[in-house]
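*Asks:* Have a look at the structure that comes next, please.
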Amino acid sequence: MSPFNLTSSTPATFILTGIPGMEQLHVWISIPFCSMYLAALLGNGVLLFTIWTERSLHQPMYLFLSMLAIADLTLSTTAVPKMLALFWFGAREISFGACLTQMFFLHFTCSAESVILLAMALDRFVAICFPLRYGAVLTPSAVAKIGLVALLRSFCIIFPCIFLLRRLPFCGHNVIAHTYCEHIGIARLACADISVNVWYGLVVPFSVALLDLVLIAVSYGFILLALSRLPSRSARHKAFHTCGSHVCVLFLFYVPAAFTALTQRFGRNIAPEVHILLANLYVLCPPLLNPIVYGVRTQQIRDKVVKVFVCPKSPLL
């Protein structure tokens, strides 16, 4: 077969197998997955509605939190509905274009979340270290520009993956041992050298995420230094409490992401079903737990949720 014919041999559809070796349990596995997805929709929806309707929450910290909620909803909705259709109805087929689209939005959203988490760390850094300049630095225009940077940077990082996949010949291989499409899972079906895909998918996103983590660590280093100098114990406790929520969210995002990416590429001794279960939990747990962490640990959000949903203002008679 000529090189031209090889490069044009892209399959019309891919077949998603679900969780290998656990096909008989797909319906049972779908029950907690569906419950977690619905809870994530509810939690992030309540958070977004509360921030949108309460003008007192139209501050940079809560605007970044709303960006995080939108990213979480996008992440879970990109993967979970197709996953549930596979579990419930055996809908295994996904077109080549739809598979690339799903792959793009999954990785795009993860990259955008990293920028949002960095922005939230910088928000706390300015609020604690330079409180008098907070309003001048984090203006609505600055918040909007940060959101735009998150979108543009993520697009520039992930969009090349589409071209890296489209250049590959697949030679009839179209069975993906997963519940959704992701970059390396698709590339491994190719009947050609995928070293460029492997190295790009590992080095570029990891380098960018590592840079974000370094900047977050530096921000929190200055934050801890500033907190140690606060004379008021109550002020220190309040600041630690607010930052603690953000640290919890950082662990929920970066630890599973790093573990999933590394085990996929280097975890030869890890059973495929374990890896796929962890990958599924990655698109479910952060969207589920992030609004809970902020809702439980942030007094202002708790109060506003109660005000909006539990004790609405009585209409004038």
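Our numbering is plain: 1 for the first residue shown, then up by one each step along the chain.
Note that Cβ sites are derived from N, Cα and C of the backbone, with glycine treated the same way.
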*Asks:* Could you tell me which of the ranges 95-112, 185-202 is annotated in TrEMBL as transmembrane segment?
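*Replies:* Spelled out, TrEMBL records transmembrane segment over residues 185-202, not the other listed ranges.
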*Asks:* How about the transmembrane segment (185-202) and the transmembrane segment (208-227): do they have 3 or more C-beta pairs under 8 A, pairs 6 or more apart in sequence?
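*Replies:* Result for the transmembrane segment (185-202) with the transmembrane segment (208-227) is no.
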*Asks:* Let me check one thing: do the transmembrane segment (61-80) and the transmembrane segment (208-227) come into contact, meaning three or more Cβ pairs under 8 Å with sequence separation of at least 6?
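*Replies:* No, these stretches are not in contact.
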*Asks:* Average the pLDDT scores across the domain 'G-protein coupled receptors family 1 profile' (43-294) and report the rounded value.
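*Replies:* Averaged over the domain 'G-protein coupled receptors family 1 profile' (43-294), the predicted model reaches a pLDDT of 88.
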